[in-house]
Amino acid sequence: MTPGNGSLVTEFILVGLTDRPDLQLPLFFLFSVMYMVTVLGNLGLITLIGLNSHLHTPMYIFLFNLSFIDLCYSSVFTPKMLTNFLSKKNIISYVGCMTHLYFFCFFVISECYVLTSMAYDRYVAICNPLLYNVAMSPKVCSGLMLGSYLMAFSGATAHAGCMLRLTFCDANTINHYLCDILPVLQLSCTSTYINELVIFVVVGINIIVPSLTIFVSYSFILSSIIHISSMGGRSKAFSTCGSHIIAVSLFFGSGAIMYLKPSSAVSMDEGKISSVFYTNVVPMMNPLVYSLRNKDVKITLRKTLRSRKF
């Protein structure tokens, strides 16, 4: 694969999270620890759910997919990011940059729809518990997951395809720590109008549609919880939704700040900070939030660890 549409650039230089030399080593250790926690936490949840058949329910199937996505998309760019903290010149090839961009978009959009599926699962479980086995049958769960990955495939292909049509002339320094859409667009020496239109439409759909679905689901959930007479029942219902609300707020909030403003209104430094939330913090926090706040996961983990000792 060669640079598209007559591009002269064969490689890009990543500025990184910061250009201050005194911060490179501390940031390397900080993000190394975060990445290790992300990998161990998500791999742990994947293994735990896979090994225990009683966790093969819709909620944990979605959680299994969420952990898989978090593990994959944090691994798309974090190893390169860590290497760049220790390198003097952070170079990535044109092919490598476009590949990063494609898989980054794919896994981020996948996460949007998996979180939406989890909200729908909680809505059915709390608002229509008697219909749960029918509404969340294996066929429905498979359809929701397949739909999530198909939406991700179409969105990532649209972004990457539009990026490949651009020409990059002399400028090749990306003011970011990854090949994200907006920083790469700024380097193009041809019109980016179509790309910006695709960003607005695709990102708008993949944030607004899931956000509205989640909002409506939780509106019904809140209404049902208010009508629960016992305090114990209310507490249990809130606890099953709390983890998901935290994850959704972090992920969609940071994504909306980054992508739903005009490019001129968001400086790249602000964009980097926002990106850290959904590329580093969210994948690290999800397994912690969903495991530490989940009684079934904690009990299963203890049983699994005890059984492995003997």
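Each Cβ is built from the backbone N, Cα and C atoms, and glycine gets one as well.
Predicted, not measured: the structure shown is a model, and the values here were computed from it.
Beyond its flanks by at least six residues, the transmembrane segment (27-48) meets 17-18, 55, 63-64, 67-68, 70-71, 74-75, 78-79, 81-82, 85-86, 280-281, 283-284, 286-288, 290-291, 297, 300-301, 304 of its own chain at Cβ-Cβ distances under 8 Å. According to TrEMBL, the transmembrane segment annotation covers 27-48 (among others).
Looking just at the domain 'G-protein coupled receptors family 1 profile' (41-290), the mean pLDDT is 86. Look at TrEMBL and you will find 41-290 tagged as domain 'G-protein coupled receptors family 1 profile'.
Within its own chain, the transmembrane segment (60-79) has Cβ neighbours under 8 Å at 31, 35, 38-39, 41-43, 45-46, 49-50, 100, 103-104, 106-108, 110-111, 114-115, 117-118, 121, 141, 144-145, 148, 177-179, 279-280, 282-284, 286-287, 290, counting only residues six or more beyond its boundaries. TrEMBL lists 60-79 (among others) with the feature transmembrane segment.
Taken from TrEMBL, the feature transmembrane segment covers 91-109 (among others).
The transmembrane segment annotation in TrEMBL covers 197-225 (among others).
Look at TrEMBL and you will find 237-260 (among others) tagged as transmembrane segment.
For 272-292 (among others), the entry in TrEMBL reads transmembrane segment. Sequence-distant contacts of the transmembrane segment (272-292) (same chain, six or more residues past either end, CB-CB distance under 8 Å): 17, 31, 34-35, 37-38, 41-42, 44-45, 63, 66-67, 70-71, 73-74, 77-78, 108, 176-178, 180, 243, 246-247, 250-251, 253-255, 257-258, 266, 298, 301.
Sequence-distant contacts of the transmembrane segment (197-225) (same chain, at least 6 residues past either end, Cβ-Cβ under 8 Å): 109, 112-113, 115-116, 119-120, 122-123, 126-127, 151, 155, 158-159, 162, 181-182, 234, 237-238, 241, 245, 248, 252, 255-256, 259-260.
Packing against the transmembrane segment (91-109) from elsewhere in the chain are residues 1-3, 7, 9-14, 69, 72-73, 76-77, 80, 151-153, 155-157, 159-160, 163-164, 168, 174, 178-181, 184, 206, 255, 278: each is 6 or more residues past its ends and has a CB under 8 Å from a CB in it.
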